[in-house]
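Down below is the structure, laid out as structure tokens.
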């Protein structure tokens, strides 16, 4: 028999809870997304939710609940949240961080929801489920400032007590007491909450403006859902396309969630490829009405239009109508961030910069990108897209391209140059030399009109690149931009926008401007410049851009019915 093995003792490493009432309690831990994730799920799933929070990509996690989003929605500001969290914020009168003033417009983020589902499938995890209302409420209360959270909790307690008191009074009321209370009102009568009283007139007004149901809606929806042959669907959509040309009232009546869902189905299912032309044309016609623009985006039509642009099996006319529909939707400022988040920028850039496509399709794509790039969130998307800056500069510099297409490329370049990331991307692609080359290009009588149309946008592009960039001086001197700008400053109309921009840019090249006050505080940083202050030149450029946008919307807009 060998020697006995030494006995090993095992000690538990879990610290037991203090049993003595005199033991000191730890201070409450600060708010963290992991705690919110634990609170947003039932007790058996909290450990699993914390593991998901540690491994999940940040863009898949709701900033309020800290858990994977089951139903992500986009706000006009570009922020994405869990729908249940935003509903809880509305009930508590709380504006979530980065939501802006238009937090009531929630657009489903179908692309992000699909990405979350794919990630869960690849990692072997279950798809996220919507959290409970109570858990979401607690998560939002933790995210609120302490004073606002206490006020909201107190108001909720008063509301619950009022509801319980009213239910108890109604449960024990008799016919005699009901008759007596009908002629007498107590001074302690419980009044309904202010939110319900304020929401009642809104609901009644919504019922008053509700439009009658168009019989064509039921016919088209039934055909798309139940038809076995593609010919029947194509015939129904041809009738719908004709109906959307008739009048504004008909377009407003037909723009319903049911009909938009049917159009989305036609655009996404491959066997309905023959009906895509009429479906996209109907969307273009529906988007002519300002009241329909937000409805179409909220109904999830943007991912379907993006799929038409990307699909190699789509007919050229369908691509043209899809670009026109996105242009019409981008005219609404609230839609721009959502359209960019849903992936419309890359296919529109490809359509604009590819000479193989029809000029009309390229023009609609260019106008769509121009209006989308008025939003700061989309300026960075264009700047980050691989090869976008070089492609835009190639189109703007090519003499073989039509003048309207070259002008649209320069318009987008001016918008992208409004952000620091866009300026860096454009200068890396050689924008200063390319735009200066357009200004220095020798011209005769045949090309004088063309260069005159491009000159003001070239000056605006160089002016945008000069704002807040220390690299601009060396690049501009090497490209000979000073010669072109001197010519514009001497030949331009006194007090004109082009002349003032040229003179200001020349001063920036010489280093005469105060870079702290002039180069980094340009009104171009505000995107559209509607609420920006600044110098005479920046104000003139903003008014110049607004004037050009209005001209573009009237002459090149989707005002024609298809």
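Note that Cβ sites are derived from N, Cα and C of the backbone, with glycine treated the same way.
Automated prediction, rather than curation, is the source of TrEMBL annotations.
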TrEMBL annotation (region 'Disordered') - matching range among 91-127, 128-164, 165-201: 165-201
Per-residue pLDDT averaged over the repeat 'ARM' (343-387), given as an integer: 93
Secondary structure content of the repeat 'ARM' (343-387), with strand meaning DSSP E or B: 32 helix, 0 strand, 13 coil
Residue distribution over DSSP helix, strand and coil in the repeat 'ARM' (300-339): 32 helix, 0 strand, 8 coil
